[in-house]
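Listed in Swiss-Prot for this protein:
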SIGNAL    1-20  signal peptide
DISULFID  Cys50-Cys93  disulfide bond
CARBOHYD  Asn56  N-linked glycosylation site
DISULFID  Cys184-Cys193  disulfide bond
CARBOHYD  Asn351  N-linked glycosylation site
Amino acid sequence: MFFQTGLLLSLSLWTKVAYAAFGITTSSSSYVIDAGSANPLKFTVSRSSCDITSINYSGTELQYASKGSHISSGLGRATVSATQDGDYIKVTCATSTLTHYMVVHHGDSTIHMATHITAEPSIGELRFIARLKSDVLPNEEPFGDVSTTAGGTAIEGSDVFLVNGKTRSKFYSSQRFIDDQRHCISGSAHRVCMILNQYESSSGGPFHRDIDANNGGGFNALYWYMNSGHVQTEPYRMGLHGPYSMVFSRSGMPGTNIDTSFFANLNIKGYVPASGRGTVTGKASGADSRMKWVVHWHNTAAQYWTYTASDGSFTSPAMKPGTYTMVYYQGEYKVAETSVTVRAGSKITKNISGSVKTGKTIFKIGEWDGQPTGFRNADKQLRMHPSDSRMAAWGPLTYTVGRSAPSDFPMAVFKSVNNPVTIKFTASAAQTAAATLRIGTTLSFAGGRPQAKINSYTAAAPPAPKNLDSRGVTRGAYRGLGEVYDVAIPAGTIVAGVNTITISVVSGNSGEKFLSPNFVFDCVELFQ
């Protein structure tokens, strides 16, 4: 009995000691941070480079041994310090243009981070990459092995691979920022998730997407891309990026509603607390009610967004003070734009209204939603290369109005693959007057844009769109600047009876197969 009592007392004391382990252990080369959590989290940070060189969670080493976890491709040299303030530990890594923070709260198996920049990193992108052991954490969530490239053969550049007959790429792990609050990698006994609650200093807007994960063999990479040149549509933002949180768990999926308001008390450069922010409330109206509506605010310093409720009402996230462009989308298609000024501590009311305006429709292929939804291969393009054997034949295709399905129309036209796309339609005598053919696109590559021919009339080629200088469709992207082209059709060009329209890719550039000039369709509408 005495032995059992003593054993229980010893275990109780041991447990208290284990929880009391919260703190910093300093050596000449590193800081070891112990979170003091029930499932123990202990990680090591290099004092010279800011690399995380070890992550031990619940008794298992998760960090890839040959290369650390870090900002960008590593800072190289940095001034690194670690301080403890009550229940919080803060690691600060500083260079002349970048300050990276790692924060641990006593008892939580989470590394909270934020990154402040005054200039873009020399590699041309700002990201955090956790390189974790692929034998312990082999799985990628939520999209599975579409981004597992281990054992593959490169088929495009150094980032698209063929693995067991299927195309894979790290780019196929992406999801839209507005929907990406959490992405993870996992194994049989561990899960590590990146929780993203603050995109205000990132670039690209609510529908931008970037790499989330990539199991390349030796390590499984878990990313948070704050900005990059991957189909980037706007300038990079400086200032504080984050907070963002790397959460460690056993089998459970962590929630996405993480409170990081304690950053306000930690002397984080550029952090704006709730008291220094304001909100915008209002009601959106007029757009197609079959689609989700999004309201988006942006200026050169920050960006925010929210879905509206079913009645169009909305409240913005807490925003930094400033004047913002305010945009209203049906799906991803812009239907209205205005401006609003936000002040600290205030709640501004601002309604917004808009709709798609065309004319009397003769035919419409697709919907004005800013996406290639429903078109051929649009259901697969996010997660595989257009050359993949699982793709339906690209054509060239002919779409007959009134008979063909949306899947008979290609999501994209490639100059060297399926050029042109043909549309056949029957017009009445009343429809032979002057008309407009509106061709909506979502993304252009290598200067690709549409040139239309209506029966014997060939419309002028439009000027080249802005060059985003980034592969798109082949890396799972469909959204760029969303150019819309109007073709004025003279009276008498359309005839009573059967008519033929061809839409071709024109560009002064060239390329092979799916890297030839191309564009992605949103919608095609003929109206008077």
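Cβ coordinates are placed from backbone N, Cα and C, and glycine is handled just like the others.
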Three-state secondary structure, which DSSP defines for Asn56 (N-linked glycosylation site): strand
Rounded Cα separation (Å) that holds between Asn351 (N-linked glycosylation site) and Cys93 (disulfide bond): 43
Same chain, 6+ residues apart, C-beta under 8 Å of the C-beta of Cys50 (disulfide bond), given in sequence order: His70, Ile71, Gly74, Leu75, Ala78, Val80, Val91, Cys93, His100
Separation of alpha carbons, Asn56 (N-linked glycosylation site) and Cys193 (disulfide bond) (Å): 15
List of residues, in chain order, with Cβ under 8 A from that of Asn56 (N-linked glycosylation site) and at least 6 apart: Pro40, Leu41, Lys42, Phe43, Leu62, Gln63
Asn351 (N-linked glycosylation site): tally of other CB atoms within 10 A of its CB: 14
